[in-house]
Amino acid sequence: MNGIDIQAIFFDECEESLQAAEAGLDACKAGTQDGETINAIFRAVHSIKGGAGAFGYEALASYTHVFENLLGDVREGTVPVTSDLVDMLLLALDCLRDHVESVRAGTPAPDDEAIKVRLTEARENVGKDGGAATEAAAPEPAAPEPAAASASADTDDLDALLDDLLGSYPAPAAEIPAEETADESASAEEDGDEDWALYVCPQAGAMENGSEPLLWLRELVELGGACVKCDESILPQIDEMDPKEGYLAWTFAMPASVERDKVADIFDFVGEQCLVLYGDEALTPPARERKVTALEAKAPPVATAVAAAKPEATAAPAQTPPPAAQASQSIRIDLGKLDQLIDGVGELVIAQAMLAQRLSNEGLAHFEELAMLEGLVRDIQERAMAFRAQPISSVFSRVPRLLRELASSTGKHVKLVVAGETTELDKTVIERLSEPLTHLIRNAVDHGIESAEDRQAVGKDPEGTLTLSAEQKAGRIVIRIGDDGGGINREKVLAKAIEKGIVDSEMHNLSDEEIDNLIFAPGFSTAAQVSSISGRGVGMDVVRQNVKELGGRITIESRPGQGTDFVLALPLTLAISDGMIVQVGDQSLVIPLTHVVESLSPAETEIKGLGRKIRMLNVRGQFLPIVPLRQLTGGPRAETNAETNMENGVLVVVETERCGQAALLVDAIIDQRQFVIKSLDTHYRSVDGVAGATILGNGRVALIVDVDRLVLDMANRPQAPAEAA
Amino acid sequence: MAVIELPRLCDRAAALALKGDLADTTGSEALQVHAGKVERMSMAMLQVLLAAHRNEPGIVLTERSSEFDRSLAVSGLTETFNTGAAA
């Protein structure tokens, strides 16, 4: 693992910490202000601070230090948790997120002076009030945070590697304003120019992988330190000892002139394998305990006696890793390796399908072992895909901040209701979902939800409500972004569409759904004034395009006066999908099942001509354009049997994003199954009307139809289906 | 009096080997340990020597390289070993 890998882990963990802190603050806002919640927020910020210090991100470390100071006071109960305080902490968290993003992007740090002043004042003001209000509203004081116990359960975590050691340090002195260091436990900073104490207790792991604690001691001496005590109290008899274990601990006197960050550098990357304490803490180290050997089993444990004599020591950090750290339940895997595994599983799916096809050709398709293999392959495939699955809460958790920003820019205060945030979908889908979701939410607040005055005028709660929900339905993820605003003003939308030439002025028979969908037309906007939030007239088109690129669809459900829901139906994964395999001439093609509405064997009377080339299918009174899929296969120009006699073929009715429904003409439907999506761009080149390719069970390559593009090309313009005469 | 000479590299492996030797040693006299060739010390070796020093019949460090002395000094154990074999 190199430095870049570790940095990547740091940023991943920053994201997790930010989410944890936001969840904690949201819980506080909702009224849950217990010690554990406050502790979780503190740990999250503390964790970021530790990593920032380790990597030398000074601005981030400095900011988190100020943030952490206030959280520390909140945790100790000296600053009361109030609604105003939580709001400020949320703003501080937003700024922290900006800091992390700036570090990640290598851009200048955000301006944090104002919020730092507020964070500092929040601590100072309590002191001026004598802390009278503190007692009433303070959370239950949390138990002291054990340095080792705060380690992440995941020993691979950067947290475990860095934070719990570095978190014990104060931030580098150069980054900490003098007045903010007063509360640090270290005596050196309290006493000004006095020597300070350092406690070093290496564990077994500190002697592994080339690490040598004596070298650290030597560096301390070179800095001017002097060993004042070597604690050998737990050193066992020679025949009971294991030289690989750590039995010794040292207390050093460090000169006041030595900054702690210099010392911290020595123990950089040692992790939890060496307990390092500073200042007063170094003078009262926790009781040490060693493994009791068989010979000692009957003897009273020394550590117990020590602990009994010093009750406070029992609450002090334990040197051994917490049980959770010993029994780690998760590991981090490089995404590239995971993708390789998933690619391999995809090949396995194809190979299994090919084997099944071959055996079927030989009349051996009904072996029990084959069915077992098929079940196992599907099981492996689903489990492999689950590796990439992430809860959608990672996207939803960013929404509160967005709403706060929108509240400050629009004056509209919106209540957020979230459901199904544990719903999981593919990591790539999650990452690419953020942008369209953000735009939809901005749009909902800016255009959908009315102003507080307008809402009150119609008897609504002045505070609007935005509802986000996610659920798995029929193999897809359905995400609903709903507002309780005024709904889409269809008259205004239609008038605007006519004005912009998006629809013909003679076209007055559009359904409500069709009018709603006009907002997805390129360049459409009803916004009277272009704002920085939305209303630029390009967003909704881009949103639909983004969703489509994810293999999904977006629909609108709007109720006048009651609000609008945007419903996104997304695939669980981008790698494997369900499709209908159809035959066209001598070619097999795959139609993604998400587009398929129904399939029909048309009667001759249901097919009508429109001009010389276009034929329409009458489906229960609605005419749909017929698109022969032969045009995709590049086959002979002569019409296939199905085209000549359509009643001999099958028409697959598909739903498209821009052209409504259409009927794809094929010779026959062969199968319906999952298929592994292979990028045509990667392996060949982009081809109009083709979304990709897959390998069928017979080993042949089948093209995956880009239904939207194919129908759009055929129609050449958006057109509304005409009613049957 | 039994004599053991510490190797140039007193790492964990050497400590493990020495621990075995020391644990097997019997007798009433302190074991002589020559540390004159030591070029690199480790915490593991220090622990073994300290345990042996504290236990009967103890050890006596005879020759000590500068590196060995420096390791004792930084770890605050110079005086401990200067007292000779444990009583």
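Here the Cβ of each residue, glycine as well, is placed from N, Cα and C on the backbone.
Summarising the annotation, TrEMBL assigns compositional bias 'Low complexity' to A:131-153. Under the heading compositional bias 'Acidic residues', TrEMBL lists A:177-193. The domain 'HPt' annotation in TrEMBL covers A:1-103. According to TrEMBL, the feature domain 'Histidine kinase' maps to A:368-574. The feature domain 'CheW-like' is assigned by TrEMBL to A:576-716. What TrEMBL records for A:His46 is phosphohistidine. The region 'Disordered' annotation in TrEMBL covers A:125-154, A:174-193.
For the domain 'HPt' (A:1-103), the DSSP counts in helix, strand and coil order read 88 helix, 0 strand, 15 coil. Across the range of the domain 'CheW-like' (A:576-716), the DSSP-based residue counts are 27 helix, 70 strand, 44 coil. Other C-beta atoms found within 10 angstroms of the C-beta of A:His46 (phosphohistidine) number 26, with every protein chain shown included. Mean pLDDT for the domain 'HPt' (A:1-103) in this predicted model: 84.
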